[in-house]
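Novice: According to TrEMBL:
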type     : residues : note
DOMAIN   : 3-418    : domain 'Major facilitator superfamily (MFS) profile'
TRANSMEM : 70-88    : transmembrane segment
TRANSMEM : 94-118   : transmembrane segment
TRANSMEM : 130-154  : transmembrane segment
TRANSMEM : 166-186  : transmembrane segment
TRANSMEM : 239-258  : transmembrane segment
TRANSMEM : 264-288  : transmembrane segment
TRANSMEM : 300-318  : transmembrane segment
TRANSMEM : 324-347  : transmembrane segment
TRANSMEM : 359-380  : transmembrane segment
TRANSMEM : 392-413  : transmembrane segment
Amino acid sequence: MRLMPTVIIIFILNYIDRNNVSTARLSGLQQDLNLSDVQYESCIAILYSSYITFQVPSNLLLNSISRPSLYIPGMVILWGLISLLTGVTNNFTGAALCRVAIGIPEAAFYPGTIYLLSRWYTKKELSYRSAWLYAGLIVSNAFGSLLAAGILGNMEGKLGVRGWRWLFYIEGAVTMAVGFIAMYTLPDYPRNTRWMTEEEKVVAQQRLSEDAGEADQDAPGDTAWRGLVMAITDPKVPVFMWMTFVQLLGLSFVNFFPTLTQTLGFSTTVTLLLCAPPWAYAFIVCIVNARHADHTGERFWHLTWPWAGVIVGYIIAMSTQALAARYIALFLMAAGYAGFALTLVWVSNSIPRPPVKRAAAIGFVNGFGNLGNLVGSYVWDASWGPVYRQSMGIGIAGLAVAIGCAWVIRMLLVRTNRNLDRLEQAMAASPASAPSGATAEIEGIRLDEAAAMKKGFRYLL
């Protein structure tokens, strides 16, 4: 009632603010700032230099502080202010500096929110909630286009200001207002949320302990540095990092979606309106896919089939200039983000404890993975339009590699689950080796109960 609606609304604004440069291009931003194609592509890409760099430090900081309800909204207010100030820029330097600056507070939100959700929801609840969060991105692509069409169509020239500048002013101000409201609606952690009773806090912590087999709390020696080391030395984490990189390279069309839709040959307003239906379809696919993933406890196929759909969409778009076929391809491409919506969920499921390791792993995977967006900013070169065959060929290759990486991760988890089977058999034969003192101490239960909590835990494949 409080956590999910707040983060969904923020995520809608997050992507609207991040991608409004693409929308503003249709209304004259590139011409007014005298940007070459390379400079415009650099404005898209340069955001990721700071966005990627600050994700791991931000998540480790979030793990160490006790009030995410203040930290995350503070970052929201900051990026809203920077988005608003983008509207006053007059050249490439100003636009580029704003893009670098906005990446710093935005780096805190998505990986930080996934980490916060993992502190509240069990592994079989997490993908559905995370999908609703990520649906915010999908809605932002649909709603953002409709909002932009209204602003650009009605505010052009008002008070002597270009419509694309009003776009930044209005959307930045709305984001700041939501940030202030979020300070009162977001929870902290199960152990210290101000508006929960003591009984509710105990229940919230106990649910996670029973789910993962140990308390969701760092041990005294689990420092930020130790979390970094534990994450990067886990063989699953580098594979997840590479999978996310090539996946986002394959999905990098998102930053150029209005431009791709414009190749259908309609006016700016109609183009923005045509952007909405593919993302509405992607929203439905994302929610249904995640719901089924939680119901079945399966991850690999629920991540990879949407990527296969994108590959089909690329092939269609590369093969024909027919209007209907190319528009259908946009639907298939947009639905590919249903796979990405489960990526950090699978990371969290695969690295459940300790929290500091989970926080570092989420930061590493999402941070390194977004290099795919940075590289992808240069893949959709205007000289390759309007068909963009080379761009789509690169996307197909990236998604094929991503599917291969996901299979490697699945095999690693299968092997780990087999080891857990053998360990459980050994514990049954020798009960004296089973108790977990740390879990018992934190949860206030008997050692034999703590040992029972570990029984049956398996990673989701």
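A Cβ is built for glycine as well, from the same backbone N, Cα and C atoms used for every other residue.
Show me how these features fit into the shown structure, please.
Specialist: Long-range neighbours of the transmembrane segment (130-154) within the same chain, counting only residues 6 or more positions beyond its ends whose Cβ lies under 8 Å from a Cβ of the stretch, are 4, 7-16, 19-20, 23, 26-27, 113-114, 117, 163-164, 166-167, 170-171, 254, 257-258, 268-269, 272-273, 275-280, 282-283, 286-287, 289-291, 334, 337-338, 340-342, 344-345.
Cβ atoms under 8 Å from those of the transmembrane segment (264-288) belong to residues 23, 26-27, 128, 131-132, 134-135, 138-139, 141-143, 145-146, 148-149, 152-153, 257-258, 306, 323, 326-327, 330-331, 333-338, 341 of the same chain, restricted to positions at least 6 beyond its ends.
When Cβ-Cβ distances below 8 Å are used as the criterion, the transmembrane segment (300-318) is approached by residues 127, 247, 250-251, 285, 289-290, 292-293, 325-326, 328-333, 335-339, 342-343, 346, 387-389, 392-393, 395-396, 399-400, 402-403, 406-407, 409-410, 461 of the same chain, each at least six residues removed from its ends.
Residues 110-111, 114, 126-127, 130-131, 133-135, 137-138, 141, 237, 240, 243-244, 247-248, 250-251, 253-254, 257, 260-261, 263-264, 274, 277-279, 281-282, 285-286, 289-290, 293, 299, 302-307, 309-310, 312-314, 316-317, 358, 361-362, 365-366, 369, 399, 409, 460 of the same chain sit 6 or more residues outside the transmembrane segment (324-347) yet have a Cβ under 8 Å from a Cβ within it.
For the transmembrane segment (392-413), the list of distant contacts is 235-236, 239-240, 242-244, 246-247, 249-253, 299-300, 303-304, 307-308, 310-311, 314-315, 317-318, 336, 346, 350, 372, 379, 459-461: same-chain residues at least six beyond its ends, Cβ to Cβ under 8 Å.
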Novice: Can you work out which residues elsewhere in the same chain, 6+ from the ends of the transmembrane segment (359-380), have a Cβ less than 8 Å from its Cβ atoms?
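Specialist: Distal contacts: 41-42, 44-45, 48-49, 51-60, 62-63, 107, 110-111, 114-115, 118, 224, 227-228, 230-232, 234, 237, 240-253, 255-256, 259-260, 343-344, 347-348, 351, 388, 390-391, 394-395, 398.
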